[in-house]
Each structure stands twice: as structure tokens, then as C-alpha cells.
Amino acid sequence: MATEVSVLTEFAIHEENKQRAPGKVLHDAVCNHLNLVEGDYFGLEFPDHKKMMVWLDLLKPVMKQIRRPKHVVVKFVVKFFPPDHAQLQEELTRYLFALQVKQDLAQGRLTCNDTSTALLISHIVQSEIGDFDETIDREHLAKNKYIPHQEALEDKIMEFHRNHMGQTPAESDFQLLEIARRLEMYGIRLHPAKDREGTKINLAVANTGILVFQGHTKINAFNWAKVRKLSFKRKRFLIKLRPDVNSSFQDTLEFLMASRDFCKSFWKICVEHHAFFRLFEEPKPKPKPVLFSRGSSFRFSGRTQKQVLDYVKEGGHKKVQFERKHSKIHSIRSLTAQPSEQHTEVPKQSARAYGDNNDAAAVQSCRQGKEVKSSAEDTGQHKSPSLKKSPKEGRKMDGAVVSTVEEEEEPAKDRMQQNRPQSQQPSTGSLTGSPHLSELSINSQGGPSVANMTLSPNLSPDAKQSSPLVSPLLNDPSCIRADDEEEVKRKRFPTEKAYFIAKEVATTERTYLKDLEVITSWFQSAVSKEDCMPETLKNLIFSNFEPLHKFHTGFLKEIEQRLALWEGRSNAHIKGDYQRIGDVMLKNIQSIKQLTIHLRKHNEILMELENGIKNSRKLETFCRDFELQKVCYLPLNTFLLRPLHRLMHYKQIMERLCKHYPPNHIDFRDSRAALAEISEMVAQLHGNMIKMENFQKLHELKKDLIGMDNLVIPGREFIRLGSLSKLSGKGLQQRMFFLFNDILLYTSRGLTASNQFKVHGHLPLYGMTMEESEEEWGVPHCLTLRGQHQSIVVAASTRAEMDKWTEDIQMAIDLAEKSSGPAPELLASSPPDNKSPDETTVDQESEDDLSASRTSLERQSPHRGNTTVHVCWHRNTSVSMIDFSIAVENQLSGNLLRKFKNSNGWQKLWVVFTNFCMFFYKSHQDNHPLASLPLLGYSLTLPSESENIHKDYVFKLHFKSHVYYFRAESEYTFERYVCFL
């Protein structure tokens, strides 16, 4: 990669075994030296006796491959480039990939336009020297040449660098890979060849299959799914394809390469890529023939990508923290991010750099006992990341020097570091100033905050502020409970599971009562001040919600009294009369049945309110403004369905309680009777609730769309929404897709103040066909959707996303086929712009437009920017109607302790988890959340040993560089979050 210096290979084998040690021993020694867990993505490369660069075979003895070890440089470089760098679990792995990108840029292997080049370099510069400073930037770019003729791009590089304020080295690496992976030449090594007509071409192999280039332009691709066999015969490389009646290709394709060795080398690389990305486990060796062999015995050796992902996710390794050599500015930032610690001195550290900038540096051979040097060593002293230094910089393995990527430490007296200004980030918490960790927040003035309403990790720096997640209020030392106090409190309360189930009833009832008050108190008060709602509609809403609020106020008091007795705050618990909850639930569920007449009115309430909004612009404006208030943390019509959802909560809680109790338990009979009562009510109202959820979702989506006036029509059902890439003449462009039972809409993020999505086109599902087309277009996870009048090509971000869309689209097509065809009213719902989606005029979005749309959440807006649609857009994921139903019918509330990745203390917060989002409150008495964290795209894991979280019941939520730790009060609560998230 960029820097080629020696490392201690720790080639720990006995002297007598050196001659027959396989390449895997050397590869593992290098990975162990670097503490690299995901070393399977990397390989060792060296020139053979014909000066041709080849990969070290992990099965063959090293000494049989490297004939003259004293004169050979072995390079440790990236071998397998995954389709998504988010699959790289370790920060060190992403760092090494970033170094590879840097070297490929410098060597001209990674080609792209000037804008992309400048953007890539700006992230490298941000990682090396920190935040933008014009003087230091010019000085740094003058000293470091990342590409030939860099001077012409320096102004553009600095312009981009200015936008990366507060971005850490790890975040810079992530953004660098995010941009690089979308480039056509990312991870591509060209192998010269000729086709049957003698035309000069280049072959390459990637995670998707075999690619054909003419110059640096991809002209064809053969997906692994379409390849039946790969072989070579002398200088001819042969690809046998699976039969396809729609394909114009011959069954066998033939390419001529320079020599047999070149041909075999490329064939080996293809075999390894296919096995690594397509197989679940390492292929087993073939049995040796008895008489004579035919063909090569070469096979892939090592873990496949699936095995690597499973190994890391399951925590089968001992994690070692990767520590960077940060620059002074990063050191200062990390210090200011810890308000609870007192620092009297800022350590003088040299710049954290990607490595030496002389890209053609070669490690010279050395004799035993002498220090191994790079030919570019005069620019600085090299040290290995996250490792202790050895007295000797390098060690020979029989004279062969192994080179790898290392970090470069600039001399401490570098003027760039001496002149570095102090960081201006406020010290309000460990996440302050980081754009990645500033999640969706709610402004203290009641509207969406211009600075804090952020979802996208790529935000304009002039709009960044501290998130309320790390506000002084939440980080006040008085808010942080001591661990000892928590332990004492935990020991004082009951520990049986039934108690915590009863406590879940109480905590979720508190949240439900607050949700009712949004309608009975806040909404009613606002309506009374405005003459915008008909009296009949007022009476319909509030006459049916006020009895529910009154009943559940008494219900909550009764539950809390029972819990107080259960916890021992009375002598009654000695008799054991109150260590149960079934009797309370049975009594109150029987009372709820008398309120069924009000619950049945919710269908009418929702429809009448939407009709009123449709017919009155004044009422529409009023409801939209009310939704922007802090207390209305969910869409208004969601609160109207809360009473029906609460019945589902009761049913699930009672099922868990009955499953927990043995039949002879004192509380079992009442609990089972309560379950029977609530199950009967749910069965009666469930069908109506499903219809209302679909009706509510259609109206909610209507607010997010521009150009679709008749979205809500009888018979239309919502199925899935999410982000896909649409292939057009300009390449892949991100689009938001909305799938219904009769039509598929695709939209782009609008540039209006409302943040809505503009409908670009639609495909009726009646008569539609669908087929995978990865090979045809050379795009991973690619589908072609063919309608009766037009076709579009879309690509998902992952195979899992593609499978979800494929299943739901096929289901929708089947439903449409069973119907009598598209109704006239459905066709009338087409957007005003009825051009074919394949016309180039439809997708007239410049890069500036897309950049502006990514940051539009920062601007003041009359439209909520934290809807699920917007989260899916920024997280590049999708959600189905089934997911929505599960999310609203399941809810968790209660106290959690939260800790950030770089903080020490635990903060106690009241947390409400609903609608794919965590809402944070100071306490359960608060009327509105302080902040929110959308969890779509997040992963839940348990902390590893190296993270030093020595507490019980802790789970970890992480997405890209965002990391949060949460600590539950009991095993039951911990399991509820782990199972539900």
C-alpha cells in the first residue's frame, strides 16, 4: 500500500520446519503482528522469478514459492474488496482499506473524475491533519502529493475539506470508502488480454464476477450466477456460461492472454474470488488420483467472507483496541469531549498520517541484525499502529522482508503541528461536534431544529451543533447515578420475573397515558384556541378519548400501588398477598370491555379527521403545525390509533405472564382469565385495526409525496417503502420506492422547503415481470422490472434488501394478476409528469442537487424531517407494512442507563421505544422527548471484552461509526430489548 516498511513477522516455527512451512503460517504471522482479525480480506503479493506479481499460495511451502528470499519484497495488500465496506467490522480493517485506496489513487489504478478525486483526497487530508485551516492545508498539500498534477485540484480539495469539520479519522476512513466503493475502478486490477477478434481488452475479477474493460471503461460483466465453469488452456482463458435463451452470448467465451503463466495466475484469482464471496465455507480438498492427475489441483484456502462475518459478529476473537497516532488537533478534540475529566496538559503527538507519500517505495533487502529501511524512509520515522515497538524495526524470514501498511509519524517539530489552532468544539460530552453522532433531535423552541435535525452523516458543517443527546442538561453530573447506588437499588427490589412483567405494565401504561394526553389535553387545548374544526368533529374525537383517559388514569394508580406493595414499601408483602398482578389485570380488562363502544369509534374518528383536513385548508395547516410541536413526537393520526394498539400490548404481556407461571401458582388463574378476556377483545377489533393502520399509513405517505394527488383510494394497500438505486443514462441514482398492491412509485428527494419526495414515475403491477439482471448490467443485487409500457433497472444495497423487495414485488404482482386489471381510478392517480421513466429528462438531478438534498434536514421546514421515509432514505434501507404493524403493536418504556463510546459515566434516562425509534426523556413526567434516535439500520450486539464494559445487562447499538451502550435494570428488561431490537 502507500507505505512499505518492514514488520516483525513473528514467523514462529521451529528451525527444522521452516523449509516446509506453508504460506498460511506467514500470512497469519503478519495478521497477528497487526492484531488484524479480518485478515482474510488481505493477501501477500510478491514478484516471482519472471518478475510477474503473484499471490502467495497459502497451502504451498513458502520456500518453494519464493526462490530467492533475500532479494524479494513481500507486500501485504487488500486482495478481496467487499461490495459494501460496512461489512468490515473492525476499524483497523477499514483503516488498511483506506490506505489501499490512497495508494491506488497515487498509482493511477483508481481513476475517477476531478470532483470525486478531490473529495477522496479531502477525506484523506481530514484524517491526516484534522479540521480545515487554509494555511496549514496549503502547506500540507505542497508537501504531500496524492496524485500526479495535484496542483490543479488544490482549491477544490480545500473546498471539500472545509465541509468535514469535526470529522474523526475513523469517520474520514468510512467516508473515503463510501465514495470509493461507488467508483467503477474500485478494487480493480486489470489483466491485459485479447478477444477472439484480436481486440485488445482488459479482464478483471470482482466480488460480483468477471469484468471486461476496454481501457478503463467497463464494457461487459459476467456474474457468478451465470458462470458455469472457469478454465484455462495454455494462453486461452475460457468462461463457460449457463444456458440462457435471452442471452446473445455463446456458451463458451475465449480470451487470449500474454502467456500461460499470466493465464493461470488470473484463473487462480478468479477461483479465489468466487469461493470467497459465493461459498459458505472453505471448499474441501479433492481426493488425490490413484494413477495420474488431470488439471490443476489448486483450490481456495481460508475462510470465506460469510465465515469471517460470522466469526467477528459472534465475538469469537479477542478484540484489541486499534489506537491511532492522532494529530494534535484530534488530541485536543478528544480532551474537550470529556467534561468530567481534568486535563492540565495536552500531549504533543505527531500527525496521524496515512503513510509515506512516495508510492513507489520499495523495501530494501537486509542482512541479519540490520534495520530494514524503506527507500522513502527519509521523510519520517515509521511505526506500526496499535503495537508496541520492537528494538528492531524489522525481522527477516530467511532474508525475505515482509512489507505492510504502517502509519507515519511526522517529526514533532513540524511547523504544521506547531501552528495548529486550538479546537473550538464545546466540551459538552463525548459526542459533541461529531456529525455522525448527532441524531434526530427536537428543538427546545418547539419546532424542528435547523441545526440538530440530522439524519445524514454527510452534513454541512455550518449547520452542526451539539445534539441534545449530549447536551449539558443530560450530561450534568447530577444526572449520572453512581454504580454503587444502582447496585444497592437493584438488590433492594424484587428479582422475580413476574415482578418485572408487572413493572412493564406500569412503565408502558405511563407512556400510554401521556399519549392519550396528547389528544385530550394538548390537541384539545390547541383546537379550542382556533376556529378551524367543526363542532361535530370536536365532539366525536374528545367525547371518545376523554373516558379512556379517565379510566387509564385510575388503572395506572392501581398498578403503581400494587408495585409499591410488591416492592416492600408496606408490611403487606410479608403475607404474600400482593406479589401478583393477574387480579388487577383481570379486573381492569373487564372494565375496558365496557369501553368498547368508544374503541369502535376510532375508525370513524380517523376517517372524519382526514376528510376534514382534505376539505379545509385551515384545518390542514392547523394539524400540520400541531405535529411540529415537541409533544407530538409521532404523526398525529398515530395517536388516534393508540387505544387499539394498547390492547395488543396487554395481550402480549399477559401471554408472557401466563407462560412464566406454573399452573399451580396463586396468580395463574386470574392471569389466564385476563388473557382470555383481552384475546376476545383483540379478535373483535383486530380486523378493523389492520384496515385503519393501512388507511393511516397511506395518509402519512401522502404528506411525504409530491405529484400523487390520489394516493388514498379504496382498495389500495401499502406493502413496502425504501431506498433503491435506479440505473439510468447517468449511472446509478438513489431513488425512494413505494410499493402498493397495484402500483410501484419511484421518487427522488425534493429540493423544496418541505423535504418531500417528488414522484418521477410509476409502474402498474398488472402484467409486470421481474428478473435478476446482475450479469447484464454488471451491478450487484440488480433487478429488471418490465411493465407493459416501460422497464426500469434497480439495485439494492445488499442481498438481503434485494430478497425483501423481490419477495414483496412478486407477491404484489400475483395479487394484481388475480384482480380484474387496473381500475380506471388507479390510472388516474398518475403523477402530472407522465413521461417514461427511461427518458433522460426525468432524472435531471445534478450532483449539487443531491448534495443539497442530503443537507435539507438542517433547514427550517414546515414538514417533519424525522419520518420513517426520510430515515430509510438516509440509511439506505426499507420497511414493510408488516414491520410497521409489529413496531406500533410492540412498545417498551422504562429507565435505561446510557453510555457513549468515549465517555466514562452512565446517564439515567427515561426511554420510550416505538416506531423504530428510541425517544429520550429526563424522566417519565416529561411531556416531550429531549432527543430521539432512529434505529433503522442499527445492529444490536453485546460488548466485547476489549470494550471494558464490566457491567451486567448491557447491550450495544451501532451503525457505521455510531456506537451507544445501554444498560438495563434486570435480566428480563435486557432480554426484552435484545429480542425486540
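Every residue gets a Cβ built from N, Cα and C, even glycine.
Now, the feature entries from TrEMBL:
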| type | residues | note |
| --- | --- | --- |
| COMPBIAS | 368-381 | compositional bias 'Basic and acidic residues' |
| COMPBIAS | 418-469 | compositional bias 'Polar residues' |
| COMPBIAS | 840-850 | compositional bias 'Acidic residues' |
| DOMAIN | 1-281 | domain 'FERM' |
| DOMAIN | 497-688 | domain 'DH' |
| DOMAIN | 717-814 | domain 'PH' |
| DOMAIN | 889-981 | domain 'PH' |
| REGION | 336-478 | region 'Disordered' |
| REGION | 821-863 | region 'Disordered' |
Secondary structure content of the domain 'PH' (717-814), with strand meaning DSSP E or B: 20 helix, 50 strand, 28 coil
Top partner of the domain 'DH' (497-688) among 1-281, 717-814, 889-981 - counted as Cβ pairs under 8 Å: 889-981
PLDDT averaged over every residue in the domain 'FERM' (1-281): 86
Secondary structure content, the domain 'PH' (889-981) (per DSSP, counts of residues): 14 helix, 41 strand, 38 coil
